[in-house]
Amino acid sequence: MTDRLPHEKGFHISWDQIHRDSRALAWRLDGKGPDDGAWRAVVAITRGGMAPAMIVARELDIRTVDTISIVSYHSGGGKADQRRDAKVLKSPDAEIMGDGTGILIVDDLVDSGKTLELVRQLYPKAHFATVYAKPEGEPQVDTFITGVSQDTWIFFPWDMALQYVEPYRGKD
């Protein structure tokens, strides 16, 4: 066991950074769709995938956007979040999805890979893209921009308050 607190090995992402990295993801995906390079739709994995999916859809001029809601974490009662089996809370439109051919499924991060593993079972021919990837989850993602270590906690801008917080250490 480590004496390190969860925030001590953190990677803080600003809105500017997530926008730049999501645009980079779009550029990497441009022209790679199965229909003469085009993608039929973007599906965001809620909630974290919504901002990156919106940016990817805008950059690639994809007008059909939907969501899939998966729950795979629950609060540990003040402890670090604990994982549980993933389950679908909300599915995207079945007519649009088919087997996933031509569909970009976008999330902010692949961590353990459990969420993407479940979605891949449902839509095996979809293309899975994340902005960030941890090693344990990398086999479940087709395209990503930045790799981070498994023990790094990523702080996304939608999870952070815009206020000053006293430092944990370094007080005189």
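Cβ coordinates come from backbone N, Cα and C, glycine included.
On a predicted model such as this, the values are computed, not experimentally measured, just so you know.
The number of other Cβ atoms within 10 Å of the Cβ belonging to SER112 (5-phospho-alpha-D-ribose 1-diphosphate binding site), over all protein chains shown, comes to 16. Sequence annotations record features per position, and here TrEMBL assigns 5-phospho-alpha-D-ribose 1-diphosphate binding site to ARG47, GLY48, ARG84, ASP107, ASP108, LEU109, VAL110, ASP111, SER112, GLY113, LYS114, THR115.
Marked as GMP binding site by TrEMBL: ARG84, ASP111, SER112, GLY113, LYS114, THR115, TRP153, ILE154. The Cβ of ILE154 (GMP binding site) lies under 8 Å from the Cβ of GLY10, PHE11, ILE13, ASP108, LEU109, TYR132, VAL148, each on the same chain and at least six residues away in sequence.
According to TrEMBL, the Mg(2+) binding site annotation covers ASP108. Just so you know, the Cβ of ASP108 (5-phospho-alpha-D-ribose 1-diphosphate binding site) picks up 24 other Cβ atoms within 10 Å once every protein chain is counted.
What TrEMBL records for ASP111, ILE154 is guanine binding site.
The xanthine binding site annotation in TrEMBL covers ASP111, ILE154. In the structure as shown, the Cβ atom of ASP111 (GMP binding site) sits within 10 Å of 24 other Cβ atoms.
Marked as domain 'Phosphoribosyltransferase' by TrEMBL: 14-164.
Over the domain 'Phosphoribosyltransferase' (14-164) the predicted model carries a mean pLDDT of 91. DSSP assigns TRP153 (GMP binding site) to a strand in the three-state reduction.
Around THR115 (GMP binding site), taking its Cβ as the centre, 24 other Cβ atoms fall within 10 Å, counting all chains. VAL110 (5-phospho-alpha-D-ribose 1-diphosphate binding site) and TRP153 (GMP binding site) have their C-alpha atoms 12 Å apart, to the nearest angstrom.
Here the candidates are the binding-site residues ARG47, SER112, LYS114, and by Cα distance the one nearest TRP153 (GMP binding site) turns out to be SER112. Within its own chain, GLY113 (GMP binding site) has GLU136, GLY137, GLU138, PRO139, GLN140, VAL141 as residues 6 or more apart in sequence whose C-beta sits under 8 angstroms from its own.
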